[in-house]
C-alpha cells in the first residue's frame, strides 16, 4: 500500500436516487410516473391484452407536475417504469422580492430563498394579495427529481 492520500473529485449527491423502479402493471391512477424524463401524475391508465405471444401493455396518460403538460406513454405491463420521489413540504412565507423570488422559513428556522413565485396566475394572485394584506401565509412546495415549485397556499391568520 502506498502512503499517498487519494482525493476523489465527486460531483454526485449522497446517492439518493431521484426515482425508483415500479412494475408498470402496478401503477394506478393518481400515482406518479416519469414520462420523457419529466415527473408526472397519472390521470388515466388502460391495460390492453395482446395476442398469443405479446405482452399486456399499459397506456398511461399523465400530467407533468410542474408544467401541467399532458404526456402519454405505452409500456409493457411486466416492465419496470421509473417513479419519481415526490415530496410536499410546508414553509411559512416571509417575503416576496421584486425579482419574483420568495423568502421562506423552514422548520429548522433557516430561510430558503431559491424558489420563484408560481407561474399559475390564480395562485400567484392569492399569494401576492395575501402577502400585501399582511396575512400569515404557509405555502406548500412540491419537489420531484431536483425541481421545486410552490403548488398550494394556506392562510393561518393575521400576523
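Just so it is clear, glycine is given a Cβ too, placed from its N, Cα and C backbone atoms.
Predicted automatically and left uncurated, TrEMBL annotations should be read as such.
What TrEMBL annotates here:
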type     : residues : note
COMPBIAS : 1-12     : compositional bias 'Basic and acidic residues'
REGION   : 1-21     : region 'Disordered'
DOMAIN   : 85-154   : domain 'Translation initiation factor 5A C-terminal'
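Secondary structure by DSSP for the domain 'Translation initiation factor 5A C-terminal' (85-154): 12 helix, 40 strand, 18 coil. In the predicted model, residues of the domain 'Translation initiation factor 5A C-terminal' (85-154) average a pLDDT of 89.
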